[in-house]
Structures are given as structure tokens and as C-alpha cells.
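Written out below as C-alpha cells is the structure these notes cover.
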Amino acid sequence: MDAVTPKKDIPRPDSVRRPSQQEAEEAVRTLIAWAGDDPAREGLIDTPKRVVNAYKEWFEGYGEDPVKYLSRTFEDVQGYDDIVMLRNIEVESHCEHHIAPFIGKAFIAYKPSTAVVGISKLARVVEIFAKRLQTQETMTAQICDAITESLAPMGTAVFIEAEHQCMSTRGVHHKHVTTITTQFTGVFKSDADLRNRFLNMCGQTV
């Protein structure tokens, strides 16, 4: 079967002016005061700096290009003709609506056309998109698009299951509810048996 024609461009965040460290810390002080506490008291005096440094780590995906990690491929696969799959990739992201964490697992697979990529690079792509303000639906599509664009495989499959703290710690306060999102291209979309095999390997009964 022919390889999937990759998309030309993967959506990336628009360019925005990045505030200085001082401006970001001042914004945190404002939120602390708005919450009803004194940002100048001993226990909170260094909190703005700590919060900004945590944001640097949580959202470092904005400074990374996922395609770069998928650019080095290997064509010597010794006749391998099946899917390549990574299971149980840790996902730690933040929803763009409340900046609340959502945490779960990603499962990704592709059926190579002519080349494969180092497996750690696939996990890195998941991490890059997770370390941005996200919706789970968008992140699922972005991961799938990045693999499809870079590797032009015969098909790509992405499955993510996560628990959203914007639902478990606020609002309706429903704990232990998970959200599942999937995206399929190529042979995973056209071949129900292959798609079901992937889902079974994700722990889903189909």
C-alpha cells in the first residue's frame, strides 16, 4: 500500500512577545494578592520566582521543534514489515482552559514505508507537545501529524488516556474519570483489523 501523503506544515504557536522574568514574577504576585494573601510575607516571598521557574519547565515545549527529532531516519530494517509501537509513554500536560494539569499515558504506532526513527525520538515528540498549553484532542492530532509529516509512513496511530484535574479538583469534582482520544491515518484508518490490533495493544477490548 502506498505511503500516506504527509501534511506540509504542522501548526505551531504564533509568535508572541515573551514577558521578562521580572514581569512574570510580578504577575504571580498579583495573583497571590488577588487570592487574598500577602506576597511579601516570609512563606511567599520567593514563590513568584519558583512559579516562573516551574513554568519554564512545564512549558519548555514551545522552544522545541518536534520535526527536528524525527529528521534522522534509518532505512536498513532487514525486511521488517510490521508496525512499530511505543506503549505507556508518560504524559504530563496542562489544559489551556484552566492551566490545570492533565496526566496520563500515550500509545503511538506507525507502519514504516521506507524508514524508521529511533524510538526515543517518538517519546520526545510526545513530550514536546505535552509541554505546551493544550487540549488533549489537539495534542493527539499534533503528535499524529508530526509523525506522518516526518516519516511518511503507511499509517500512524495515536491513543491517549488522561485524567484532567480541571474536572477532578474543581467544577464537577469527578475523580478518576479519564478521557480517551485517538487519531488514525493510512492503514490504521482503512484496515479495521490493524486498528483493532493497535487498540487491543493499548489495553482496549474491541
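One-based numbering along the chain as shown.
Cβ atoms are placed via backbone N, Cα and C, with glycine included.
Model, not experiment: these values are computed from the prediction.
Summarising the annotation, Swiss-Prot assigns compositional bias 'Basic and acidic residues' to 1-17.
According to Swiss-Prot, the region 'Disordered' annotation covers 1-23.
A strand conformation is recorded for C95 (Zn(2+) binding site) in the three-state DSSP classification. The 10 Å shell around the Cβ of C95 (Zn(2+) binding site) contains 18 further Cβ atoms across the protein chains shown. Summarising the annotation, Swiss-Prot assigns Zn(2+) binding site to C95, H98, C166.
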C95, H98, C166 excluded, remaining Cβ within 8 Å of their centroid (Zn(2+)): H94, E96, H97, I99, A100, F102, H164, Q165, M167, R170
Three-class DSSP secondary structure - C166 (Zn(2+) binding site): helix
